[in-house]
Amino acid sequence: MAGKGIPGLEHLHVWISIPFCFAYTLALLGNCTLLFIIRADAALHEPMYLFLAMLATIDLVLSSTTLPKMLAIFWFRDREISFFACLVQMFFLHSFSIMESAVLLAMAFDRYVAICKPLHYTTVLTRSLITKIGMAAVVRAVTLMTPLPFLLRHFHYCRGPVIAHCYCEHMAVVRLVCGDTSFNNIYGIAVAMFIVVLDLLFVILSYVFILQAVLQLASQESRYKAFGTCVSHIGAILSTYTPVVISSVMHRVARRAAPHVHILLAIFYLLFPPMINPIIYGVKTKQIRDYMLSLFQRKNV
């Protein structure tokens, strides 16, 4: 099999690769720095930062699953990929996207307990529960995505070996199939709707309770301080779900738009959260900011 890159923009691949490479480099540096800081500073071994470490790990895997091969297509025209490698890439891509949604939901639960039940925070969010939440996120993603590679292996592919995309995404592979793919189409949509709608619903519900608790605080300063602890998480949610919503709307509203429009949006969805999340948490989280400043001060001494 082979990836076509961005259909219609093949002549601009080298130029397009520059912002993608820059974004990928930022994602690698930012998320690796977050993981280093959380590991090095014992004060950050709290539930909120353990969930943040999970998010950073997922973002690293998500971006690294697709970007290196994508850059190889843009720079060296290395479009070949084995069918097995294509299925592996697809599995990791979709599985870790589902895990990311689960971790964002877990972080919303963390903020709910911290603000609505602060006295029970340490007894509710124990290391054991955090481990179970992490395992549940992995099991859910793997369970939902495992059927897809096995289903795709048994199809007959007669529409050529070239995927009209930069990476092996489920629907891009399905389009090469000759035969009835209605189950794959329904299953893919059902999983996406189940994950996005259900997880977002619980996130919104958490913030309804958080908002109620914050508004009941006596002073305005206390309200700002309490809600200020949620700003980074809200930023991460917006950076993750906004591209998904935009891409989904574009697929329905602008069906006749050129293929490269949808592909660029899909790449944006993959690159933007891993790049922007470390910046959001680095700027807005005092403990991480303080640790970074202390490192710079040591170097200058």
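Including glycine, each Cβ sits where the backbone N, Cα and C put it.
Lifted from TrEMBL, the feature list:
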- 12-37: transmembrane segment (TRANSMEM)
- 30-281: domain 'G-protein coupled receptors family 1 profile' (DOMAIN)
- 49-75: transmembrane segment (TRANSMEM)
- 81-109: transmembrane segment (TRANSMEM)
- 129-152: transmembrane segment (TRANSMEM)
- 186-214: transmembrane segment (TRANSMEM)
- 226-249: transmembrane segment (TRANSMEM)
- 261-283: transmembrane segment (TRANSMEM)
* Asked: By a Cβ-Cβ criterion of under 8 Å, what residues six or more beyond either terminus of the transmembrane segment (81-109) are in contact with it?
  -> 1-3, 48, 51-52, 54-55, 58-59, 61-62, 65-66, 69, 133-134, 136-138, 140-142, 144-146, 148-149, 152-153, 163, 167-170, 173, 191, 195-196, 199, 202-203, 206-207, 233, 236-237, 240, 270, 273
* Asked: Under a Cβ pair cut-off of under 8 Å, which of the recorded stretches 186-214, 226-249, 261-283 contacts the transmembrane segment (49-75) most often?
  -> 261-283
* Asked: What else in the chain is close to the transmembrane segment (186-214), if you only count residues 6 or more beyond its ends and a Cβ gap under 8 Å?
  -> 98, 101-102, 104-105, 108-109, 111-112, 115-116, 144-145, 147-148, 151, 170-171, 174, 223, 226-227, 230, 234, 237, 241, 244
* Asked: Hey, which bits of the same chain come close to the transmembrane segment (129-152), Cβ under 8 Å, at least six residues off its ends?
  -> 47, 50-51, 54, 87-88, 90-91, 94-96, 98-99, 102-103, 106, 170, 173-174, 177, 183-184, 187-188, 191, 195
* Structure fact -> Counting only residues at least 6 beyond its ends, the same-chain positions whose CB falls under 8 A of a CB in the transmembrane segment (12-37) are 5-6, 44, 52-53, 56-57, 59-60, 63-64, 67, 70-71, 73-75, 267, 271-272, 274-275, 277-279, 281-282, 288, 291-292
* Find the average pLDDT over the domain 'G-protein coupled receptors family 1 profile' (30-281) in the predicted model and report it. => 87
